[in-house]
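> Pasting a structure here, questions to come.
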């Protein structure tokens, strides 16, 4: 009975003892951690696993390996780290088991490299690198330019941006960085570097080469640099300037040489990702004509046309016109190599429009837009005379038999056979525009001459001389709208581009604005206000000026009224359009135009003329002629001076009589007022005496009724 009681008591108290004997863990994978839990005989219920430093909770997936051995797996998070893990048994909640787990790290990589001179931060990322102070601190060891440094999370020189990203400040430097990281486990020695140098551009100027880019490092690191040009290192003593973004070094001049160059930049053994290629290509800009089919020397103009290399040896040059080789190239300019000459073999009449190719030391020039043609026709000049004749000057307008049977030219897309033109030769063509174009309006455009085998000359612009024949419209001092009529007054070229149009006066100042063109190719514009009655127009189109002898009609002078001034014996004519030039004015009395000695103009504006006539008549018909434009006739009546004075005396007498009459009337009024006053005064006095008399009678009556005195 006693043993049964003991067994029963043990059964009751057995739950208070933990059934977990021990806990182990396996090395974690990237996202999993396994716990091996050894148990006593009683069952357990592992509901969660928690941590002490980050206070995270994991729900494990558990299964029995044996009756006394349990496997529990948790899914690791980006925030998981090395720390103490607690095993929670739901069946024994008051008891716990714990184990310290040092997690193996994963996915270490460099997020960003430090940048020379501007950013010294080296940033990493990876899983499970967070420290567990004070037992497990994070250590980072780096080596750069033979200097070693150690960073320790407990010292605060490792900064965690988040649970998976951390960084250190490695300082301003260049080159390779060796590093290792230690937490629960030690990483192997790894390498990164400061950002690689970058070449952005290279410029040649004389014997200087300027390299611009980034990440070269400050000048204090220049002794770690190495610049390779075509795999040949340059001496650091050749540096003229060194900074993080630019290096200037002396180098034998390559500015005018055709060649291919590979530039590589090393800084502390860290190089540009790829070679920076510089190609100084030859360039063709022009080639001379060869005025013979038997061959001969031609001159090629361009850039980097060097027949010798920098070291003085001959360049390997190949010049071809089509399949014909231009041999024996030599430089005319031995400094900048802008010209060379070579010899072409014999050609034939159909050897035309041959493509030009050139290579120097295997560096090929771009194919130029122009081509080579034997005996190429050429236009050098176009002249126009006053008879509307155009002369085209040039050369090689004929064929190999010196005939022009099939040659032609085009102007405004009209094709004209040269054999229909009387005055033509291999070097000049004389064209009558009215004859060839039926006197129709021709636009400015290009003339191109074509030979029998369709060889074409260079296009040369024809700039026709504008001609003014008439100007319609009348202006006044405020200007006005005019129409310019003539030939070759074109505001458009044949290719529909606008011509350069200017409408000017004789002083080359703009005199007309807002030009437009009607269907007759006349120009309509608004003339500016003017200070003269004489206004000439010049039309300039594409730099060619018209005649300047056509004047614009000005409104005729108009006399509105006149005034006569006796003091100066002058006549004032009031009106408009008189101008301001006395030399253009004539005075006409009746049908007679006065000579200049018969009058004097003392004042002149557009609206007023002051004239003093030497022989004035009381009444006369007066008009003015300004620039041959007559005004209306105004009848001028000049009053007689004596009658004027009499009239003035009469006026004064009338004024005196008026004054006397006024005085008399005033006296009569005064006397009348005095008489009226006297009459009214006498009547007032009489009434006053009567009143007093009545008052006296009343007093006597009162005395009759007075009592006698005692």
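Note: Cβ is positioned from N, Cα and C throughout, glycine not excepted.
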> State the residue range annotated as transmembrane segment by TrEMBL; the candidates are 628-654, 655-681.
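Going through 628-654, 655-681 one by one, TrEMBL flags 655-681 as transmembrane segment.
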> What average pLDDT does the predicted model assign to the domain 'IPT/TIG' (282-374)?
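In the predicted model, the domain 'IPT/TIG' (282-374) has a mean pLDDT of 92.
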> With DSSP as the reference, give the number of residues of the domain 'IPT/TIG' (282-374) in helix, strand and coil.
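So the counts come to 0 helix, 44 strand, 49 coil.
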